Amino acid sequence: QPIKVTATEIPSAVQKSRSGGKIRIGINGFGRIGRLVHRIATLRDDMDVVAVNDPFIDARYMAYMFTYDSTHGVFNGTIRVVDDSTLEINGKQVKVTSKRNPEEIPWGDYGVDYVVESSGVFTALEKASAHKKGGAKKVVISAPSADAPMFVVGVNEKTYKPEMDVVSNASCTTNCLAPLAKVVHEEFGIVEGLMTTVHATTATQKTVDGPSRKDWRGGRSASQNIIPSSTGAAKAVGKVLPELNGKLTGMAFRVPTPNVSVVDLTCRLQKNATYEDVKAAIKYASEG
């Protein structure tokens with residue numbers, strides 16, 4: 001019988017927050033990911049965002065960017081600027097700071113339990129750990145990390161240990177690829193595989209042709225080109241699924257769409273499998 005891949009909720013080893021069981025969250029970096037994490041948190045009854053840090057935008061600009069999103073629409077809630085250091089979102093106060101260095105952010109003063117590190121800058125274990133100097137208990141990096149433990153829910157989150165204070169949630173592509181690769185490998189055995197992601201435009205691309213630090217093609221206009229690019233997602237799968245380490249490779253195509261990406265995975269298998277077999281295994285796992 002096919003294996004069901006089930007996603008767990010908060011691991012039992014994670015301590016409850018000091019405030020009636022709700023998790024108190026701080027966000028460092030109020031960009032695309034930071035703002036969307038905050039929006040999602042407002043829909044949850046088990047967590048509150050109590051503080052946001054961003055050195056590049058003040059409270060009024062935060063309120064504007066949080067309210068209006070060209071891709072996801074207008075925020076379905078209330079928000080007002082109380083003062084230069086406080087926002088009120090859906091009736092709950094959120095403290096605003098503008099520190100450049102993580103160790104200077106006073107998370108402890110706001111009772112923050114978990115910090116979402118979504119600046120895209122402090123992805124290494126040592127740099128992200130600096131949030132703990134300000135009073136944070138745990139840090140979740142919203143990007144791949146070279147040396148922090150990496151987790152994809154539904155794949156390896158059960159290997160989390162309480163002493164892991166800083167973890168990475170990997171990339172969007174890895175979160176798409178890893179569950180798929182896990183099911184296929186456990187059912188049929190992956191000998192080797194090639195991943196291609198058709199990826200929406202990101203903030204690092206150019207609106208018009210210009211110089212790129214990464215490669216020449218990357219400097220072409222994002223709205224007018226399909227741009228081949230590299231991706232570390234295939235290698236990252238080897239970190240969350242060690243049995244697939246070195247077996248996958250991949251590439252990306254950046255396409256002129258504002259949202260939604262897709263992963264195509266082609267594999268050589270150990271076991272014979274029909275198209276129907278593969279579909280059945282993935283469908284069964286998805287219903288877990």
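Sequential numbering from 1, following the chain as shown.
A Cβ is built for glycine as well, from the same backbone N, Cα and C atoms used for every other residue.
TrEMBL labels come from automatic prediction, so no person has curated them.
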Listed co-binder of D-glyceraldehyde 3-phosphate (same site as SER171, CYS172, THR173, THR202, THR231, GLY232, source TrEMBL) among ARG80, ARG100, ARG254, ARG268: ARG254
ARG32, ILE33, ARG100, SER142 bind NAD(+) per TrEMBL; candidate in ASP54, ASP58, ASP83, ASP165 listed for that same site: ASP54
Nearest of the recorded positions (SER171, CYS172, GLY232) to ARG100 (NAD(+) binding site) - Cα to Cα: SER171
Neighbourhood of ARG254 (D-glyceraldehyde 3-phosphate binding site) by C-beta distance under 8 A, where only residues 6 or more apart in the same chain count: HIS199, ALA200, THR201, THR202, GLN205, GLY218, ALA222, ASN225, ILE226, ILE227, SER229
ILE33 (NAD(+) binding site), number of other Cβ atoms within 10 Å: 19
Nearest-integer angstrom distance between the alpha carbons (Cα) of CYS172 (active site, nucleophile) and ARG32 (NAD(+) binding site): 13
